[in-house]
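Worksheet: the structure to be examined is printed underneath.
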Amino acid sequence: MSKPSASSGHISLALTAALLVVGVLLVFGVDFAIKTTNTLEFCTSCHTMQTNYEEYQDSLHYKNTSGVQATCADCHVPKPLGPKLLTKIIAAKDVYHEIAGTIDTPEKFEARRWYLANMVWDRMRANDSRECRSCHEFDNMDLSEQSRSARSRHSTARDKDKTCIDCHRGVVHYEPDPPEDSDSEVADAN
């Protein structure tokens, strides 16, 4: 058997160093991209999002007595890394549809709003309103401080394993009316 030459050792070391540098740059690049795309400024940079932004500004998630503000990412982007990356990949289609002209005007966006809202609501039901629960958790609610109606509804929801979105649609963005022919709307959107 021949002994590896010194030059092949240098190549291995150089390759390892290069891969390490690429890996570090990739990690920092992904981190930068996630942080940048989680900002309110990025989320509202498409002009079709201006309506959503105006609705958000009228909500308690934007301005309230406690001064705590929930931004788009707080409600629409998961905290755990795996689901966060998957959400970012799926959200790229929204940018595509803005550029492709599918939702590039308020009128086109409104025409697809029911379908888009249902995609968000379905995701929230599937993950038990995970993003809501990063701030609002049944076990942390002081039901005695809530109105009688809220106390009753939250107790019932907890007992029946309901999730936030089952009752709280239209909290930040208005709840769109279903299209007259919901089945064809869903088929056309896919």
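Just so it is clear, glycine is given a Cβ too, placed from its N, Cα and C backbone atoms.
Cross-referencing 37-58, 125-146, 169-190 with TrEMBL places the feature region 'Disordered' at 169-190. Site annotation (TrEMBL, ligand heme 1) includes Cys43, Cys46, Met49; from Asp94, Asp122, the additional listed residue is Asp94. When the binding-site residues Cys72, Cys75, Cys132, His136, Cys167, His168 are screened for a Cα within 10 A of the Cα of Met49 (heme 1 binding site), none qualifies. Excluding Cys164, Cys167, His168, which define the heme 4 site, the same chain contributes Ser129, Cys132, Ala157, Lys162, Thr163, Ile165, Asp166, Arg169, Val171 within 8 Å (Cβ to the Cβ centroid), listed in sequence order. Calculated from their C-alpha atoms, the gap between Cys167 (heme 4 binding site) and Cys75 (heme 2 binding site) amounts to 16 Å. Between the CA atoms of His173 (heme 2 binding site) and Cys43 (heme 1 binding site) there is a gap of 14 Å. Of all Cα pairs drawn from Cys43, Cys46, Met49, Asp94, which the record names as binding heme 1, the longest spans 11 Å.
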